[in-house]
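The next block holds one structure in the form of C-alpha cells; read it before the comments.
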Amino acid sequence: MRLLILCASIILVPLLCDARIIKRYVIGCPERCDKSLCPPIPPDCLAGDILDQCDCCPVCAAGEGESCGGTGKLGDPECGEGLECAVSDGVGATTTVRRRGKTGVCVCKSSEPVCGSDGVSYRNICELKRVSNRAQKLQQPPIIFIQRGACGKGHEENPDSLRHRYNFIADVVEKIAPAVVHIELFRKNVFNREVAVASGSGFVVSEDGLIVTNAHVVANKHRVKVELKTGTTYDAKIKDVDEKADIALIKIDAPMKLPVLLLGRSADLRPGEFVVAIGSPFSLQNTVTTGIVSTTQRGGKELGLRNSDMDYIQTDAIINYGNSGGPLVNLDGEVIGINTLKVTAGISFAIPSDKIRQFLAESHDRQAKGKTATKKKYIGVRMMTLTPTLAKELKQRKNDFPDVTSGAYVIEVIPKTPAEVGGLKESDVIISINGQRITSASDVSTAIKTDESLRAVVRRGNEDIILTIIPEEIDP
C-alpha cells in the first residue's frame, strides 16, 4: 500500500507542476503576487479595471474599439467586462481570440441598444458603461441601465422568453377589455343636481350597443351612464330586467360598431380551470383579477336556494363592489359568467353564461311579441341562503360572525334603496319577517312579493335587531 501511494505521488507531482505552469503561462509573471508593487490605475481609464494576466494587479481594461491580444506577454491589453477580443484577419470579425500571437479589437458582446437613466439611447450596454464611468470621474452621478431598447420605444419581445410564452392572462385581457364597460347610476339630490349613487360593470354583446349587466346594478331605475374603454360616455336605456336571475339588458346608441364578447358554454366548465374577472370595482376601470373555478354551477341544492334560476359558478377570483356585472371569461376570451357577488375572501360567485343565453333568448321573444311585464317589488339587497356548511366556513373567516346556522345571509345592501333606508346592513342574517321564520333567501323574496311592509328580525353579531322595510315597486 505504501509503495502504491509513493508511486501515485511521483506521478502527480509533475502534473501539479504542469498545472502551475499552465496558470502562469504569461511571460513576466512574478513568482508571488505583491499588490503593493502594482502600478496605479490611470485616471483616464473608462473601460473599468480587470486583473492582469497574472491574476495579481488591477489594470485598465481595453475599451470598445481598442486593441487587444498580443504575444502572450505581461502587459498585453485585455478587454473589459462585457467585451470580447475579436480578430479580422481573414477569420471573421466576431471570432474570439483564443491563440497566442493574435491581436484584435474589443467588441461588445451585446449589440442591442439600451436606454440610460439620463434619457439617452446608447448603441449598447458597453457604451453606456463607458459614459457612466466618465461621469463618475467628473464627480457626476452614474448613468443607470434602465431599459433594453432605445429610450421611448418598447423592448422587442423575444418569442422564446418565459414572459412571452406564459403571459396568457395578459393576452386574454387585451382581447376582452375593449368590450367591458363602466356603468354609473345617477339621481338628483335636494338641490336638483345629479350625483352618482352607484356603479358597476357590464359587457357589450351586440355591435349596435346591447350590454349585459346585473339587475341589481341598474334596478333602481336612475339615469344610467355607460363609459367605454375609450373614455366615451353614453346615456343608456334599460331594455329588460330579470330580478330573479339578477340579469339586465341595457342599450346605448353609439355611432360606430362596438367590440363584442361572445358567450361560452358554462356547462362545459371544469373545476380547476383558469378564469379572468374584469370590471370596475370602486370605479377603478378595467381592474383584472384571476383565479380558478372552485365549483361549477353551485346553486339551489348546495346553497339552500329553492329557486333553480340562482345557480352560480364559484371562483376564488376576487369580485368586489363595482365589479358586479362584468364578465368572467375563460382563457379563450369567452364569457362563462357574470361577476355577481363575493361572500368573503376566496369565495365569489358568477351567474353562468348558459343562464345569460337563456335570458337573452327570452328577452328577444318578449320584445318581438311586444310583451310587457308587471311591476316588481324591490328592497335593494343581495343575499343567499345560510346553510350550516356556509355558516361554519364564515365563522372560520370572520370572528364576529353570529351564532346562527340558518336564515338569509345579506351579502350587499345597495345604497339609496328601501333596505338601506330600513337599516339593513351587510353581513346581517335575516331570521324572520312578519313573524314567519326565514330559512332561505327564497323566503325573503316571497315576503317581498306578498307583503306591503316587512317587519324583519336580523341577527347582527350576537344581537337581534327589529327593522321595518317598505318594498318599492319598480319597472322590470
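Backbone N, Cα and C atoms are what each Cβ position is placed from, and that goes for glycine too.
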Selected from C45, C54, C85: Swiss-Prot disulphide partner of C68: C85
Record Swiss-Prot, residue C56, disulfide partner from C33, C38, C79: C33
Disulfide-bonded cysteine for C29 as listed in Swiss-Prot, from C7, C54, C57: C54
Listed recorded positions C33, C68, C79, Y166, F168, F274, filtered to Cα within 10 Å of C57 (disulfide bond): C33
Cβ neighbour count within 10 Å of C38 (disulfide bond): 14
Site of maximum Cβ density within 10 Å, from disulfide-bonded residues C33, C56, C60, C85: C85
Confidence summary for the domain 'PDZ' (361-463), mean pLDDT rounded: 85
